[in-house]
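Structure, as structure tokens:
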């Protein structure tokens, strides 16, 4: 089992190393990078909007449910919602969902290209396929996913604000007062550190599994599932490691 | 000229290529024939560098391709065009984007010149009204044509074709075979075709290599193949009764006309 781990880890590192080479044509690489930014960033925007709004709403309702003491001001709910979203829910939950959405897309796209010999066709043309096919995906994920996490944090807080008002738990004024109270900018740095780490995991792990698929359609599906599972486990592991290191 | 010297390749315990040596004649259509599992595709992938050989060398005009790293291989790879068994068209691109892709990546031509070259290649393979279609919207024969157009768009010196007739009806197969043969002559390319289609062998093979269980079993021309006494080769090519008849007909024809070979040599490439 451990040998299998080292085998995959070694190949993964070699794949990453293979990405660094002089681009054959910078314009084509830029075009591919922009395409991936649209696919990964804009393509995931819808799901990010939906889950972050609901995450914020649910956090508000459940925090209010747990704060039973009359001595705790209602604005505390907003503080809890804000910090929970920034520290954990926006980066981790959103990235776990993106691990499924983006990860399976990357793994199946590359897997299909491998099986149908499209990667071989590019290799024969003299293109470094690791640099051309994987590099722009990782770079696009590193640029767009932290942006999505920031959007998710804002929308989550907005969802919490509206849910609090609609359910009669907390007024807009109280919520805004809580949001402004004892805000720590370091939390945003921590959230972004997580987002950058996760975006690298979400893009590079599925790229590894997709790029190295052998077999047929069944193996593409299997690689896609494995990629998503491994990405999610690594996100949770990184979540704990970053919390232990940075907080 | 492509030279193969003592190529060996194994996957695990299974030896796929067993000391294969051969020369691919320049400017000719070289065929690698053999039953499924005889090592044809592995040999071709070793030649283009998609599979690393265990031992032996592949020489392109005397340059050892197998000893080169990926960066050193690039100039030779840009002289190679390849048509894959499944065509390997990029399914996110239209037909014209597929053909233009190598030009976009490697040529210094202007956009207008690249488009002109792309259209020339599509016209050469006689593909009309398909520029804006995606690979999923065109037939197998059309995909092969697009694959050929993409393979020749950078004016390669070497063209590799893996199973050009797989999945095609006999009529389309003949058209694709003729197209490959004509392009070989027209562009003076060294073409290597993997096939087990006997029509291709008889119609377009200038130089034929027969592979059997990972070894080169026989080598010669498509005229010699009819008269070969090699039992394994005969078992392979005359497996169908139809070709048994052709064998008899050809023998009769040749006995009738002693100048047959001279005629073939004179009119073969027209």
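Cβ coordinates are placed from backbone N, Cα and C, and glycine is handled just like the others.
Annotated by TrEMBL as transmembrane segment, the relevant range among A:85-104, A:105-124 is A:85-104. Of the candidate ranges A:138-158, A:159-179, TrEMBL annotates residues A:138-158 with the feature transmembrane segment. Scored by C-beta pairs under 8 angstroms, the transmembrane segment (A:223-246) has its highest count with A:188-211, from the stretches A:37-65, A:85-104, A:138-158, A:188-211. When each of A:37-65, A:85-104, A:188-211 is scored by its Cβ pairs under 8 Å to the transmembrane segment (A:138-158), the top-ranked stretch turns out to be A:37-65.
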